[in-house]
Every structure is written in C-alpha cells, then in structure tokens.
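Trainee: Questions regarding the structure given below will be posed in turn.
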Amino acid sequence: MASTLFRNIQTHPILFYPSVLFRRKNGALYCTMKSSSSSTTQTQTATLEKHQNPRTKVIDKRIKDYEAIIGIETHVQLSTLTKAFCGCPYNYGAQPNTSICPVCMGLPGALPVLNSKVIEFAVKLGLALNCKLSFNSKFDRKQYFYPDLPKGYQISQFDIPIASNGYVDLDLPVEFGGGHRRFGITRVHMEEDAGKLLHSGNGSFSQVDLNRAGVPLLEIVSEPDMRNGIEAAEYAAEIQRVVRYLGISNGNMQEGSLRCDVNVSIRPIGQSEFGTKVEIKNLNSFSSVNRAIDFEISRQVLLHSQGQGNSIVQETRLWEEGAQKTVTMRKKEGLSDYRYFPEPDLPEVILKKEYVDSIQNSLPELPEMKRRRYENMGLSMQDVLFLANDINVAKFFDATIAEGADVKLATNWIMGDIAAYMKNEKVSINDIKLVPRELAELIASIKGGTISGKIGKEILFELIEKGGTVKGLIEEKNLVQIVDHTEIEKMVDKVLSENPNQLEQYRAGKTKIQGYFAGQVMKLSKGKANPGLLNKILQQKLNASS
Amino acid sequence: MLSTLQQPPRSLSRIPLHLKPLRSFFTVASASASQDQSSPPSSQILTLRRALLSRQTTATQLAESYISRLSLTEPHLHSFLHISDTLLRDAQLIDRKIEKGEDVGPLAGVLVGVKDNICTADMPSTGGSRILENYKAPFDATAVRRVKEKDGILIGKTNLDEFGMGSTTEASSFQVTANPWDLSRVPGGSSGGSAAAVSARQCMVSLGSDTGGSVRQPASFCGVVGLKPTYGRVSRFGLMAYASSLDVIGCFGTSVADTGILLHVISGHDRFDATSSNREFPDFLSQFTSINLVESKPLKGLKVGLIRETLEDGVDNGVKSAISGAASHLEELGCTVTEVSLPSFSLGLPAYYILASSESSSNLSRYDGVRYGNQVFAEELNALYNDSRAKGFGPEVQMRILMGTYALSAGYYDAYYKRAQQVRTLIRKSFKDALDDNDILISPVAPSAAYKIGEKKNDPLAMYAGDIMTVNVNLAGLPALVLPCGFVEGGPVGLPVGLQMIGAAFDEAKLLKVGHIFEQTLQGCRFVPPIVADDLAYSQQ
C-alpha cells in the first residue's frame, strides 16, 4: 500500500525534478563526495605504496620527537532495500531526484517510519565491534540548515548511541612491518544520509539531488588510538572488511558507501595534553587516508618545531589528491550548536535480549576470527592477510578447503595464478568461472599424478574463463598423464633413434643435452608423459649402451 | 434542574444579516425530525444516511443546498480558504452508487470541512501560511483518505492560525474568521475555521487539529462539539507538524454522535505514522442506542472530578456558573461530582509553551524555500533562507520559532526543554492519579467565551493564558470532549460556553457516551447561531 501511494506520488513532475537554484559564496557549498561514474565493486585493499615526500624526509628527524593522535569517524551506508524512514530504494548513480518521496523530501505532513533492518544492521555491527549495546536508545534531531538536508534536521542519535565502548583487532600488512593492533571504538550510532549538491560548471549555481537523502548510515567513531597513516588506513580497511563480512554495506569508498573523516593532532612525546585537532575530509581511498594523515602530521610537526604551533588551528582541511596535500576548507567559528532534542516522531528503540542473542548467534565468522584460524592452519601472515582481506576470496578459499584440498596448495593457486588472472583482467573472484570444487579437484589430480602440474596450469585458465569440470577437460582433451613404463620407453626409443647425431654428442660427454631429449619425448607425448618417469627411463637408456 | 444554565436571550436582535431563506435547506432534517428550539441535537450524519438510503434526498441536492448557504454566509464568516471544485461531482458519484444499490460508507454524502494544515491532494494545503501559498500536497493525509474511503465528501479547507499557532484564527496569513454567534468576535483557534463552519452549518462535520486546545477552545467559542482524541488514536500523517509530541487531529460536529462517527472513521493504526496506536476503538454507537433516556439516572455511579484549579481567579463568572450548572446537570443524571485538585496544573502553561515552541522551531525548519513554497530570490544561500522565511512566516510563528530555538540552545536546554519534560511527567502522573479515582474529569475550556476580534492580538501573554484549561490535556496525551453547555451574555443572542470532559487514555467511548446523554438531556439550549437560525427554522416548517 505504502509503495503504491508513494509511487503514484513520484509521477508528479513538478515536485520531482526541482531545479532549485541558488548561488554559492566563497565556495562554501562544498560537497564532500566526489562524484564518480565508476561503479566497480572491486575490493579496495589498502594498497599503500610507501611514498617519498621530500618534505617528509627533511623533517623525519623532528617527527621522532612528536607523537600523532588520530581518531576516525566513519560513515557506512547500509545496503538495506529501502531508505531508513521511507519506502524509497537507493541506487547509486540513478538519475537525480528519481528515488524520492514525500518523506525523504521533507514535504509538509510527512512522517518518518523506521526501517527495522537499520536496527538489525546496527546491532550486527555493534556486536562485531565488541561494543556494549544500549537496550534503550532513541533517535534525536540534529538541526542545521543546508539545501541537501530537506527537513532542516538530520535524524540521528545523540546522547544514547545504540552501541558504544568496543574495539577492533587487526594485523598490519607485513610490508609495513606487520604487528597486531587493537583500536578502541567510542560509539556506533544510526542516522540518515543527506542529499547531494550538484554544482554547476562555472560555480554560479547549485542543484539539489535528494536520491541519497534518508539512506541509512551507521557512524562509527574510533578512540584516538591511531598513531600514523598506515594504522589509520588499516583501521578503515578493517571497518570495510567487517561491514562486508556482515553483509550490511558494500563498503565502497568511491561511491561514498564508506566515508572517513579523520582528526589529527600532534604533541611532543611526553606531553599528556592533546594538541589542536584538525579534521581532514575528502578521503576517497585508504591510500589517501594514509597519505593525507602523514602529510598532515609533517605539516603540524614542521609548524610546531618552528615555534609556530599557534598557527595550527581547529579547522576542517581538504585532501587534494592531485597536489598531495591538505588545504584549509573552513575554519571553525566556535562550536556549532545543533540543538539536539529527542525525535518526537519515532518511538524509542528498545532491544530485547532474545533479539540480540539471535543476531549474535547468526553472526558470520569475522575477519579477525578468520585470520586467527588461517594462522592456526599454518599459513604465513602474508597468506593470511591476502586470503582474509576479501570476503569473497576467503569464502572461495574456505570452500576449496572444505572440498578436501591441501591448504598450502590451495593458497598457492589462489595467491598465484588465480590472483594474477584477477589482477590482469580486473575482475573479482566472483566473476571467474572456476568454482572451489574444481580447484580442489585440480589440486587432487596433480597431487594424485593424473595430470602434470604444467597441464594443471593450462586447465586452470580454461576453467577460469570457460568453466567446466577438471574431469571433463582431462577426458575431452585426453590429458591423462602417461605413467605406463613401456609406453614411455617406446617414445624414448623413438626419439633416440631419430636423433643419432645428438645421441653421439651426448655419449661423447655433452650430457647437458639430456634436456633436449626430454623435451622431444614430452613433445611426442603431447606433454602427458610423467616427467619423473620419463627422466628416469631416458637416463637409463642414454647411459645403458655406453 | 437547569436553572443555573443561561438560556440564549431570545429577545435580542436575531441576526445582523438579511438572509434570504432558501427552500432547499435542510429538507433532510425536516423530513425526519421536528426540531423545536429546545429539542436535543440529533445526528446529521445518521439522518442524512436514512434519507439517502430511503431515496428521500440525494447527495447532490444536499451539496447544492450547502453551496447556496456557503455563498450567503461565507462573505461574513471567512471560514474557508479553499472550496472544493469537485463537490457536485463527488456528490453525484455517491448518488450513482446508491442508485446502483452499491454499499456506501458511513459518511456517504457527508460534507466534511478540513483544516488547511491537513494535506489534501485535490485542493491546496497552505497551513494558513504565506510560505505555503498555493502549495498543493501530492497526497491525502491518512485521516482525509479514510474520510474519502468511507464516502465522505470534502467541501473545502478551513482557515486557521498559521500552522496552528494561535487561539483566535487572527494569525492566519490570509483572512480573519468571524464567530457565527457574533461577527465581531473571534471563533477561537487555531481550528477557528473548522469550528465556525460547523457552527454555521457550512459543513456537517469537520477535521481540526489540537496541539494545546485548538479543537476544544473554538468548539466552546462557536457552540459546537469538539473532540480531541488520545495522542496516537488518529494518524498524524499528512498533518503539518507544529509540535509533534502534542499534535492530534480532532473532530467537530453539531452532535456528540456525529463527532464520534467521524472519529471512528479516521482513527486506527497507520503504517505511515510510527506514533499511531493500534488500540481498537469500540463501537460506541451501539451504546448510544441502548441508553434508556426515560431512566432518571442514566449515569448512576459515574464518578466525575471537577478540576478545582480551573475555577480559580481569572475565570469569568458566566463561565463558572455555566460549568457549575453543567456539574449540577451531571448530578441530576446520577453522577457523583467532587472537586479534585491537580497540583501541577499551573505548571502546564509554561511547560507547554516551551515544548511546543521547541518542537515547532524544529518542525518548521523544512520551510526554507528550497524545495517548495514561496522562495525569495537571493544572491547567496543564507540570504535565500533568511528572506524566504522572513517573508513567508507571520509574526506569531516567527516568535515561537525564536523562543523554541532559544530553549533548545546549548546551555539552555537543561533549564528549559528538559525541565519542561519533567513537568510533563508530573502532569501525566497527576492526571493518572485523578483518573484512577474518577471516571472523567470536567472543567471549563477557556476562562471566557469568545472575545472581540483584535482584543488580545497585541497581548500574546493574555492570549497564551487563555490556553491554561486545555494544554495540560495535550501534555498528558489524554482524550477530551467539549460540548456546549450554556450561554453567557454577549453578542446579539448570547455566547455559547463549552464543557470539557477529560477521560483516561483511549477511553473516548466513555466520553462520547457521557457526552451524548448530557447533550440529549440538556433542556432549553439550542446551539444554532443566529446567522443560520432563520434558514434552519424555515426549512423545518
């Protein structure tokens, strides 16, 4: 009924393509999201290249005297079917103002009704981040005026967040020195997203797109536990892994499904009070999180060490990807007063113990648990991180193991040829046609000697691109390894008799050309001769009549 | 037994207007009842239904007669901001249904006025505000949708104080509505248009909204029945929010039965309003018919508490005597009436104004000129907001937004908003205690009857003080029924005074039952204003 009502409404042409224009002043209408036409759902790993900013080198020495304090606010857009308080779907990249209704447009008389999935997802994340849940929480209104905020207030949670006091465990990448870290989570709360402003090319006007207005978000506030860019980027990457493992968000940074605002301050080592904190926005990838923070730390250290600590002011800075630096976006003019008060249109959020328990019991294996399990399986940390990094890779690996594949061999295949293929073709593991059962079969066929490793590799690419079964391919192409002694002997004899000159050379002492004979025999067998057996017979024959 | 009730002084000049009686008027009523001036009000809705189903009249005839009356009365009253242009077509649809023998809903052919802060898809919905001038909602409010689903016909949108903020309807951005009993007086507010329209028989029943008394006080001023339901009984979806935790949609009618029938249609859970309740509304009409009016004490054993704090200084003597007359009448009917004290009563007014202003400052933020409504062109964003809102909102609304913004500001929140919430808890508790000991509570609706247009316009504190009797009920979320119980001196024929009956949460059925018996047994009072008295008398001959 609801959807019909709203769908009817959506056909009102005047209301749904509002081309409301206003001018902006001093570029104050900044929109945090970079619009991007890319819609790939590729995993973003924290591919953090060690960059060498010359300035960093200069003050490397001074940095040692300082410590940076970094906290992160992460907004995660939930992948619920409909928005938080109405029946509109949200599709990234849809035509502006095509997924809106009276509720998310803030029309007079419209009221919010909570989508219960938002609570479920919030509880999932709260539990996954080891938080304490508030069994009685509520929504509040955060009030400010901005054209992308249709009601003039954002429905959020203020003094009683649904989850608080948690932590997240992670392992730093081996190439950055590795090590286990635990970062505190201050709070997780539910809120709604705002719309988007589309600025005209010449900056003379802006338009409002409300498709995103009312999309549910979880805001995750970390403790100020991070000390450098890598830690911060890895924290963000771990949040992405957790939400993807939970299936509550696609966690895509380019689309803005996962957004990080970081707060950075520095203080001389030994000082207990914090320095002035600076907020950085416009971080569209984990590597920009890393680089922006490291830039900001050196900027602040440089100022501080030159006695200009006063010029570090509380402000919001913008990461400029092109210039690789942060620039002032807006100075804080005192504390903003959001005039929070309890949202009277929504009832309190009351969680029942049974409800929380049922969610707890249905939680999937989380990244940290997975990493510890892989570690216990005897895998190196590099392997562990590679496999557990992407939920889909981890699922593929787990399924392959479940089919009885050897752990180390499965790891090698996935991290080797399969990963290389995915990288070259820019596809995810879900896009390839190879299924875990066949990878297990392939590994078993090589291990059991049915096919050679070389043929295995050939089949692998066929399986990745076209699918099918290992058995079927072996049969179809008649690829079964030849292990019959007499058959190989016949082929060896044939090669030796066809190459009398080479045989003579060999017997004259040029034993290095044994490989040539082996190659000829292999060619004759179409690659199917068992290499061990072949070499053994070949050697016997070569040395026999000398 | 009714000696304390003041009857309308019939000797006063009847109407200041020269109305031409119209033959078509009230053929329905004449067909069924011989209403002399002292006969109790009968249900217009049930009477119409009988007449329609027995083919004595048609919805079209009725609609035409109302249009005629509107054309005569509206130039003097200004109750409506918009009149439906599909009225006759809607009526013809009902007639066709009846002709075909199809089932028709309980509001078949009933002409319903709708306060203009309740959204309607077929007519503008301005909330009485310049900022929404010509605004047309893309949907019907749930209450409106339910009225239409039960074959009710919307006659028009009624005038109100801008966004419901006011007690006189003078704060409308568009026009001032007059009281049908005396055109120089206010009809009350903020649902003044809805009350005046029902009183002057411009529509049969109407929808209003009540945040702090906006249904009850105009009902009292205009001599009609007004019902403020329990918070959550009626969906607020489509009601332009003033103070979300206090707002309810309420009903006006000329009889308790009509008011109850309308409430029955619009009440019930709505998936578009998370604060709407799914508590069932019992079939109260069957209780009506079982009442034996011959029985001398039909309300025997009913415990009625008269709220002491509502009869203290500052209340007009005429009002006091009307209320004590009503109390005597209830005793005559078998009730035990005792005085009860609600110690936190006087705290209700400041608490109400803090909470209502705070919520309104937030609720009215959406009127920013960006997406809909009047927009003032500006060179930059802040100027667009400032100018659109400065030009769009009237002074009363601006004052409340400022008060609410102040009360919610950091550093003041605890002293104002939070403290007001604590008072609200106390008030809830004291009402609960009083209603544990009593079946219903009674009080006046306002300290006086209708006052002159302009009299309190420049004295907002005096106007706010007039809300003392009603705001507590909103803070407690309780249902209250207002029905005319007497008259005081004033105007050409006297001014009506209403009695407020407050019940326990979701116990509207009890209020309706008591109200119905009260109304049917109240002798010698006929609450038909002079502006239409001749018409009605003529049509009944």
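Cβ atoms here come from the backbone N, Cα and C positions, even for glycine.
Keep in mind that what you see is a predicted model, and the values were worked out from it rather than measured.
Not my notes, these are from TrEMBL:
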ACT_SITE  B:LYS115  active site, charge relay system
ACT_SITE  B:SER190  active site, charge relay system
ACT_SITE  B:SER214  active site, acyl-ester intermediate
DOMAIN    B:62-512  domain 'Amidase'
Trainee: To see if you understand the setup: which same-chain residues, six or more apart in sequence, place their Cβ under 8 Å from that of B:SER214 (active site, acyl-ester intermediate)?
Mentor: B:LEU160, B:ASP161, B:GLY164, B:SER167, B:GLY189, B:SER190, B:SER191, B:GLY208, B:GLY250
Trainee: Test of understanding: give the count of other CB atoms lying within 10 angstroms of the CB of B:SER190 (active site, charge relay system).
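Mentor: There are 34 such Cβ atoms around B:SER190 (active site, charge relay system).
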Trainee: If you draw a 10 Å sphere on the Cβ of B:LYS115 (active site, charge relay system), how many other Cβ atoms land inside?
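Mentor: 33, counting other Cβ atoms within 10 Å of B:LYS115 (active site, charge relay system).
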Trainee: Determine the mean pLDDT over the domain 'Amidase' (B:62-512), rounding to the nearest whole number.
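Mentor: The answer is 95, the mean pLDDT of the model over that range.
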